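Novice: One structure coming up, written as structure tokens, with questions to follow.
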């Protein structure tokens, strides 16, 4: 096996492993495992690198470096896809069996697949995710209700200098508050929010189609050319015959590895749709679940307090060096009252039985809300 081919395979495998750890390492099934800890280290390294880049950018490049560097990943993605397509048409296509090359269906579907990947990438990259401005903030604020558990009334974005509606979040990369914020996608250098979630899902599905159909065509090409080397295994045919077979093998391996990641990631988002949460909200609900596991989350019953839920914690009373049980606000962590104040509380024992996600309207309606949304501004 030649060194370049070895390097390519190692890079592909390492990239797939790292991407999988970052995407799925935060799953409850991986908590307190080496995978979860490695994910934290990767994110910490990423945070330190970004902090260093921001420092250099602000002191040397006048805050322009971060803006332009955000386009490196989308540019890399487009270059890789374009290069792979070039390799396919110059080295793989001629190896395809005649029933594929002479088929009007396959010719049309190849064109359709390429068209979809570039259109969905363009739309996911450049469409408005749902930027909140002074002109539309009132409409957005009235669209989603605060549940006083993960979203709170009268929250204020100090950067945008506007109120922060429920289900929104300020993106430090885009420097905008985004309606129904899901996450910032580095692959398209854009936030995924209320208006462009449909294009993001289209981007994922287009990639699954490209990888799945591309893998099928590469397998057909390998099966066709394998007849010329009956004494060699598929692996030997890939690494020791000619450049066309090597390119076909590399593309097939890429498709097999990355379609699994794309399918799992798309399945994760379908699960979020089923649960009626966004990626951002899933993290918030995880914090709520953690409080429940500690026995620290309580619902306020029959009180004049402007709080629906509070967190129990123990603090030290420095006046007499004793410890005191108090209840703090989930919104700002201010101490609201102590256990001796006689406030009527109900302990939250279970996420499923004691809490209601007011944003979950059922899978079909959740899907309609994200895919067929109405324009507010």
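Cβ coordinates come from backbone N, Cα and C, glycine included.
In case it's useful when we look at the structure, here is the feature table from Swiss-Prot:
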type: DOMAIN; residues: 155-205; note: domain 'DHHC'
type: TOPO_DOM; residues: 1-4; note: topological domain 'Lumenal'
type: TOPO_DOM; residues: 26-64; note: topological domain 'Cytoplasmic'
type: TOPO_DOM; residues: 86-103; note: topological domain 'Lumenal'
type: TOPO_DOM; residues: 125-198; note: topological domain 'Cytoplasmic'
type: TOPO_DOM; residues: 220-249; note: topological domain 'Lumenal'
type: TOPO_DOM; residues: 271-377; note: topological domain 'Cytoplasmic'
type: TRANSMEM; residues: 5-25; note: transmembrane segment
type: TRANSMEM; residues: 65-85; note: transmembrane segment
type: TRANSMEM; residues: 104-124; note: transmembrane segment
type: TRANSMEM; residues: 199-219; note: transmembrane segment
type: TRANSMEM; residues: 250-270; note: transmembrane segment
Novice: Which stretch, 5-25, 65-85, 104-124, 250-270, tops the Cβ pairs under 8 Å count with the transmembrane segment (199-219)?
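Specialist: Ranking 5-25, 65-85, 104-124, 250-270 by Cβ pairs under 8 Å to the transmembrane segment (199-219) puts 104-124 first.
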Novice: Among 5-25, 65-85, 104-124, which stretch has the highest count of C-beta pairs below 8 Å with the transmembrane segment (250-270)?
Specialist: 5-25
Novice: If we call contact 3 or more Cβ pairs under 8 Å (sequence gap 6 or more), are the transmembrane segment (65-85) and the transmembrane segment (104-124) touching?
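Specialist: These two segments touch.
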Novice: Under the DSSP assignment, what numbers of helix, strand and coil residues are found in the topological domain 'Cytoplasmic' (271-377)?
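Specialist: So the counts come to 34 helix, 28 strand, 45 coil.
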Novice: Using a Cβ cut-off of under 8 Å, list the residues of the same chain at least 6 residues beyond the topological domain 'Cytoplasmic' (26-64) that approach it.
Specialist: 18, 283, 286
Novice: Cβ under 8 Å, sequence separation of at least 6 from the ends of the topological domain 'Lumenal' (86-103): give me the contacting residues as numbers and ranges.
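Specialist: Long-range Cβ neighbours of the topological domain 'Lumenal' (86-103): 214, 217-218, 220-225, 243-245, 247-248, 250-251.
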Novice: Take every residue in the topological domain 'Lumenal' (1-4), average their pLDDT values, and give the whole-number result.
Specialist: 50
Novice: As a quick check of your reading of DSSP, tell me how many residues in the topological domain 'Cytoplasmic' (26-64) are helical, how many are strand and how many are coil.
Specialist: 31 helix, 0 strand, 8 coil
Novice: Helix, strand, coil residue numbers for the topological domain 'Lumenal' (220-249) per DSSP?
Specialist: 21 helix, 0 strand, 9 coil
